[in-house]
C-alpha cells in the first residue's frame, strides 16, 4: 500500500504582519504542572459545600494549598514547608497576570502592587480565618513579595524595606503565643500600611493595633503558653540581664510555668530571641530602650511570683516581701507603697457635689490576686502599645508618601467551651470584616456589570448587618450599650453589674439572632452559634486600672514607665471613661472606613485539622469553615453573572491561537480592533453566543465548561504543532533514508547482483525444468521478495495477522492463498488461507468473521524440520502438497501463486526436503490414507487460474519447463523521456481548466485506490488475487505494488504522455535516426476506436460508461491505473471504462498525422493484449538532424524537471519496485 502524501501548498510571498504592541507572542509552558481539581472554584460544575471541600482536599493532598474564587484566594494551612516561597518562585510571579500563573499569595501581592501603579489607587488585603489557619504567614509573605518587587534607588528606601520586614519578628514575639490550635497564634490584630512615593517605592509605614489579649499575660489554659517574648527572654537573656533584672529560667515563674508548657514544637526560642533583638536594632530601638523593655518584662514576671496569705483578720498579706522588694526595685517605686496598693483599696464617699470621706478597705486573697494580675496586664498592654507607636515613629521618618498597600492580619473567629468578653470582641470584629467583604464583593460585582452593560441575575445572600447591629447599635441599644449601662448603674460591685446586664438582655429575646439561657446568652454569628458567659463580663468591659494603682505608678522615678503610663488620675472628673466595648467599636468602624478607601483583595484561610499534621484533612472541620466563611455564597455571587471575565487585550493574548484570522504559525497577525479579534476567536472556536457576552472593555464567559474548552483547544494547539513538525521531520529523514537505501541497493546490485533475483534464479534451478512455467513467473521484474504482507512492519495487515496468531519470530515469507478442505460425504472446498513462514515454522492461518470483525487463527503449525517432501504436478497449476514426516495431522494441500518461492524458502531452511514433480500430487488426505490428485490440460480453464473438481485439476497449457526468465527491462533514458515530454506537449493542446471541469469524475472505487476490475475470465480468482502483488503490474518500471488509480478531474488539466511515446524512449536513443524535413500541414487526427471485449455493466457511478460486448467507442485518454476515458461514437456520453475490457477495433486504421511544428510522426497507440504485453508500432520515418532532436529533448527535459520540482510535495513519485 503506497504512502499517502498531502499535496503541496501554493505559497504566496507576503510581508510578515506587524504584531500589535499590546499582544505578546504565545509560548508553550513546558514547566506547567498538571492541575489537580480546579484552580478556581467558580469553575466547579456543581456548586455545593461538599464539592468545594472535595476540590480543596484533592489539592491539599497534592501539596497545592492555594485556590481562587475569582479574585479571592483560598489558602489551606499545609503545616509544613512546601518550598514555594523562594526567590525563584517569586520571580515567576513578577509582572504576571494571575491567570498566567497558578494561584499563590504572591499573585495577590503582585496584583495589588500592579493595580496601585497602574490605577493609582490604594490597595488592601483582608486576611481572615480561624486561629491556626495561616493568616500571619500569609501577611508575612505579602510583605516579603512587596519588599522584593518594589524598586530601591536610595539607601533610605532600602532601610524602610528592612524595617517593614523587621516588624514581623518583633510583633510576633510580643503579640503571638502558642495555643492548642496554633503554635504561632496572633493574640492581637494589626493593620499594616506600607506607603509608597510617586515612584512607587516604599517610603513609610504605619501599624494599627487591635485588642491585645491581656488576659494571656497572667493565665493560660493547660498546654498553652504565654506570649513568645517571655520564653525567649528567660531562655536567652544575657548574663548582664540575669544579674541586673534577676532573670530566671521559665520554670521559675508562675506566669510562664503554670500551664505546664515551656517549649513548643517548631519553635526555637533562642533563635527567635536573636531575631527579635536584630529586629529591634533594624527598627531603630537603642540599647537603652531595649534595656527598659526587658526591665518591664522582668517586672511582670516577678509580679506574677507575688503570693498572698491570710493574716489574723482574714485579709490578704504578702507571703514573701523579698519578692515585692525586687518588683519595687525594677519599677523604681517604694516597696511599702507597692504592698499597700496590692492588699488595700481606697474608697471615697461622695455627698452630692461635696467630696466625702476616704477609706482604706483591706482585700482578701482573691481580690489581692486580681489587683496583682491587673497591674501586670496593665504594664504589658501599655508596653505593647508603646512598641507599636515606636515602630510607627521609625516608619514615618521619611516623607513623600502618596499611595499605600494595607495588610490586615487579625484574629480569627473563636468558639471555646467558655467564651467571655474577649471572644465577643474578637467575633464582633470578624462580623464587621464579613460585612465589608460581602458589601465590597457584591458592590464591585454590580458596578462591573453596570459599567460593562452586562445583563445578570442577582443572587440572594445573608447580610450579617443585623448581627453587627445587635452587638454595636446605640439606638435601640445593642449588647455593648447594655453592658455599659450595667457598669454605670452598679460600677462599684461587679456581681451587681452582671445581674443588671442579665436583666437588660431580656430586651433582645425577640431578635432571631439572639437567645438567652439563664446566666448565658447566645449570638448566632455568621460562623456559627456562640454561647457567652455573663459572669465577670462587665468587669472586663470596664478596662480600668484602679486609681490607687495608677497613683502608685505615678510615683515611679523610672522615666520609661512613666512614659508608657501617660494618664494621670483626675479625681474631680465626673465623665465616664470609655469602656473596652467603646474602644473596640470605634476601632472596628475606623478599620472599616480605612478599608473602604482602598481597593480590597481577600485571602480566606482554612485550617485542615486540629493535629497540625501535614497529612491529615478533617472533612467535618473544613466543611464547617467553608460554611461560616461563606465560600459557597461567594462562588454563587461570582457565578451569578459569569464564571470568567477578562479584558479584550488579555483574552486575545491568551487565545488568539484558536483563530486562523488572528494567528499564523504561532504569531499574532490580526491588525484590526481587539473586539473584532475576540469575536473571531469565539466564532472560530464554535462557542455558542448564549455562553458569553461582550462588554465595553471585557469579555464575559458564562460557564466554566466553556473556559475549559478554550483552554483545552489552546493546549491541543501546541500538541498539533509539535505533531506537524515531527511529521515533517520524519518525512524528511525517511526520504534521506530511502534515498540512501536506494543508492546502496543499486551499488550492491552493480557489484553483487540483486539478492531477490538471485533467489529467484535459485528457485528456478530447484524445479529442475520439470514443471511448466506460468507467464507471470517469467517476467523480468519478478523477484522473490518474501514478506508480501509486510508482517515485519509495525502497522500493516500482516503485522495484525502475526499478532493474532501469536508469532514472535521474524517472518521471511507471507502470502494469501487457498487450502483444500474436505468433509465427509461432501465435495472438497477451497478456503482462503494465509501462509506465514518463519525460520523454524510454517503457519497456515485461517480466517473467520466474528461480529463483523475478521479473526485469524492457526490451522496448521508445521515444523520445517518435520517436512519430508513437497509434491507438485508438471503443469502450470499452483497446487502444492506439504508432506509431513511424522504427524497425526493430514498433509495440507495448498494453492498459491508464489508456490515456487515458498518451496525455495523451505528448501533453504531444510535441505533434506524432497521435491516430487509428476503428473499427479500424492499426499495423505488422512493419517495413513494416501490420496492422489490428477492434473490435466483444459484450454477452457481460466487463463490465470485452474479448476479443481473431483480430485482433478484442469489448467491451460503453460510455457515450456525449460523457459528462462526474461531479462529485466532497462530503465527509461532521461534524454528519451525529455524528448517524449517535448513531443507530447507539442502534439497535443493542453486542456484548459474550464474544459477540465467537463471531464467525468473518476469512479468512486478509484478514489479508494482500487484498481480496475479484471476481465470476466479472471474474476473467479479476484478475491484471492486482490491482496497478492500482481506480477503483470511490474511491466512498467515506475509502478509499485499497489496499482495507482487514474487522476481525478481536478488533476487532468495537462494530458499525460501517450504509451507509444513512452515506448519510444525505452532504451533505443542510440539508434534513433535523424528526423525528416517538416511535411506540409495536415488535418487534425481522429481518436482511436476500440471495441468492448466483455460486458461492463458498471458500478452505478455516473462517471462510468456501461458497455455491452461488441460496442465500439472512442478512447480519448488511457491511464496507467487500468482505466480509460471513453466516448460514444455520436459523442452523446463520456465516461471511464476498464482498459482490460477493451480491444482495438478492427476497422480502425487511422494513424494520426504529425502536427505542423514537429517533424516526427506520432506513433500509434498501444493495443492492450490479453497476455498483458504491448505491441508498439515504431514509426519508420525518423530521419531528422540528430543535433536538433537532442536540443529539443534537452529543452523538454529541463521543462519537465522544473514542473516536477514545483509539484514535488503534491505528487511524489512512487518508489520503484525491485522485482
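We number each residue from 1, going along the chain as drawn.
Keep in mind that glycine also has a Cβ here, set from the backbone N, Cα and C atoms.
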Phosphotyrosine according to Swiss-Prot, picked from 119, 241, 359, 860: 359
Residue from 238, 357, 685, 1033 to which Swiss-Prot assigns phosphoserine: 357
Candidate annotated as phosphoserine in Swiss-Prot, where the set is 420, 698, 992: 992
Segment assigned the feature region 'Disordered' in Swiss-Prot (from 1110-1138, 1139-1167): 1139-1167
Annotated residue, phosphoserine, per Swiss-Prot; candidates 686, 984, 1205: 1205
Residues in the domain 'IQ 2' (740-765) grouped by DSSP into helix, strand and remaining coil: 24 helix, 0 strand, 2 coil
Distance from residue 359 (phosphotyrosine) back to residue 131 (ATP binding site), taken between C-alpha atoms, in Å: 46
Cβ-Cβ distance under 8 Å to residue 134 (ATP binding site), same chain, at least six residues away: 75, 76, 77, 605, 607
Whole-number Å value for how far residue 135 (ATP binding site) lies from residue 777 (phosphoserine) (Cα to Cα): 89
Distance, residue 359 (phosphotyrosine) to residue 130 (ATP binding site) (CA atoms, angstrom): 47
All-chain count of other Cβ atoms within 10 Å of residue 133 (ATP binding site): 26
C-alpha spacing of residue 359 (phosphotyrosine) relative to residue 136 (ATP binding site), in angstrom: 49
Sparsest-packed among the recorded positions, when each Cβ's other Cβ atoms within 10 Å are tallied, from 131, 136, 777: 131
8 Å Cβ shell about 129, 130, 131, 132, 133, 134, 135, 136 centroid, ATP site members excluded: 77, 182, 185, 186, 412, 605, 607
Nonlocal residues around residue 135 (ATP binding site), in sequence order (Cβ under 8 Å, 6 or more apart): 127, 128, 129, 186, 409, 410, 412, 603, 605
